[in-house]
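K.L.:
If you scroll down you'll find the structure; I have some questions about it.
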Amino acid sequence: MAAENVVATYYYPTAAPGAMEVCGAEFGRGAGDKCFDDDGRPKRSGTVWTASAHIITAVIGSGVLSLGWATAQLGWVAGPAVMLLFSLVTYYTSALLADCYRSGDPTTGKRNYTYMDAVNANLSGVKVQICGFLQYANIVGVAIGYTIAASISMLAIRRANCFHQKGHGNPCAISSTPYMIIFGVAEIFFSQIPDFDQISWLSILAAVMSFTYSTIGLGLGIVQVIANKGVQGSLTGISIGAVTPMDKVWRSLQAFGDIAFAYSYSLILIEIQDTIRAPPPSESTVMKRATVVSVAVTTLFYMLCGCMGYAAFGDGAPGNLLTGFGFYEPFWLLDVANAAIVVHLVGAYQVYCQPLFAFVEKWAARRWPGSAFVAGEVEVPLLPRYKVNPFRATWRTAFVAATTAVSMLLPFFNDVVGFLGALGFWPLTVYFPVEMYVVQKKVPRWSTRWVCLQMLNLGCLVISVAAAAGSIAGIASDLKEIFKIFGSLCLVGSAPLDFCGRRRLSPRKKLPVVFRLVSA
């Protein structure tokens, strides 16, 4: 008779076996609601704190280390003002975007699982393709930028130990390439985590690491200010004379891009919101609370780290705050900070890349639904309880390998960060959230609210274009330096020449295929 009261038994591919056993929905008891949400997917378990951890992991990233440099370009007045402005814009547009997670009713409406789904539900047409291209191109760029940043921090640890052992007069010339490879190998391993729901622990760990290195950088900045017996810097930033007037303009614009990058996380906001458990309260309400918490925390850290970095180093503030202390004692403290950065970037890389991973895998599943390579799972010989999807393992490994290879060709950090910020800030953080909000809420054209939203749109577009121009100018300058470095290529093995200034190449000899780049 008990069996007659069972209405249905639901199974979901990603649900754990133990969960499947208890998901029989008995008549009148609603037991199925304990296992599945209104869309038939397993119960989401995210809270305001896990969402905040995801956001902080994504936001307080490597960008915080460049804020001292950005403040140095803008000065004591414009630097903090621009950071505060970007924090307010980010919070406001994130609140608009959070309302787009469900179409129609904010509690029972159709869910939009990704940023592209939200754009498709509200705008459709060619804008969906543009949004997808910008979102995923920005994710690729972030992956490259984070690989560069992680290698810089690992290289900093190695050089700090070298200076400690051999003295500060030793050049300690070490290539960053092996460290990019190490980071890439680690990301290949962690990229096999299937989806967002299963990386909450990694996000929490990464968020703790971000507070660790930000606090150390802040503390070292305070010590440096005390050692300098005063605060460095000026009201208007780096002065004309130290740089040319044109360089001042370009560097100021690049600083805008750096700050924009430091606040950018809208491209993964919908994906984070999709991890939040079902109402009440509504997902948008929880996401807005998480946004308040995370933006307030990050702005506080940004103000402290950016301003303290400028106060400590003045116009000479480095692009990476933790590389500006000269690797003097206590060198181990800088090692701890840089190690925390690396751990944080491992998690941040995964938080940013999960939407792209999911997009490609869903597309492949639709394209080849019956393929065992795409949909099947293979047991790992040494870990019989662990199964791997062949397509996921292949595609994600290839992606990490490709971004690592590109990172080796772009070993400059600040300009890449600025360009990424400029590229993604206006369309993904401002334009699409504003346009979707206007459509969803049916805001009348030429009403006061509509005009204000369009003014915000236009103003942020101007800032993004200017910041992109400044970053491109910086990249062009860096490429000139790269060409000079390639003039110092050293040959591997017993070649008759290296370009390091010791011998000249005989015109009858050909260059071997393998080279080693010596970077100072």
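Heads up, residue numbers simply count up from 1 along the chain you see.
Each residue, glycine too, has its Cβ placed from N, Cα and C.
Per TrEMBL, the features are:
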type: DOMAIN; residues: 45-475; note: domain 'Amino acid transporter transmembrane'
type: TRANSMEM; residues: 48-67; note: transmembrane segment
type: TRANSMEM; residues: 74-93; note: transmembrane segment
type: TRANSMEM; residues: 133-157; note: transmembrane segment
type: TRANSMEM; residues: 169-193; note: transmembrane segment
type: TRANSMEM; residues: 199-223; note: transmembrane segment
type: TRANSMEM; residues: 290-311; note: transmembrane segment
type: TRANSMEM; residues: 331-352; note: transmembrane segment
type: TRANSMEM; residues: 393-413; note: transmembrane segment
type: TRANSMEM; residues: 419-439; note: transmembrane segment
type: TRANSMEM; residues: 451-476; note: transmembrane segment
type: TRANSMEM; residues: 482-500; note: transmembrane segment
K.L.:
Quick check for me: are there 3+ Cβ pairs below 8 Å between the transmembrane segment (169-193) and the transmembrane segment (419-439), leaving out pairs under 6 residues apart?
P.N.:
no
K.L.:
Which of 74-93, 133-157, 199-223, 331-352 shares the most C-beta pairs under 8 angstroms with the transmembrane segment (290-311)?
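P.N.:
Selected stretch: 74-93, with the most Cβ pairs under 8 Å.
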K.L.:
Are there 3 or more C-beta pairs under 8 Å linking the transmembrane segment (199-223) with the transmembrane segment (74-93), counting only pairs at least 6 apart in sequence?
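P.N.:
They are not in contact.
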K.L.:
For the transmembrane segment (199-223), which partner among 48-67, 133-157, 419-439 gives the most CB pairs under 8 Å?
P.N.:
48-67
K.L.:
Using a Cβ cut-off of under 8 Å, list the residues of the same chain at least 6 residues beyond the transmembrane segment (419-439) that approach it.
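P.N.:
63, 89-90, 93-94, 96-97, 99-100, 115, 118-119, 122-123, 127, 130-131, 134-135, 137-138, 141-142, 145, 256-264, 266-267, 450, 453-454, 456-457, 460-461, 463-465, 467-468, 470-472, 475.
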K.L.:
Could you pull out which residues elsewhere in the chain have a CB under 8 Å from any CB of the transmembrane segment (48-67), counting only those six or more residues past its ends?
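P.N.:
Same-chain contacts beyond the ends: 83, 145-146, 149-150, 196, 200, 203-204, 206-207, 210-211, 214, 217, 258-259, 261-265, 268, 272-273, 275-276, 286-287, 289-291, 293-295, 297-298, 301-302, 305-306, 309, 319-322, 341, 344-345, 347-348, 351-352, 413-414, 417, 421.
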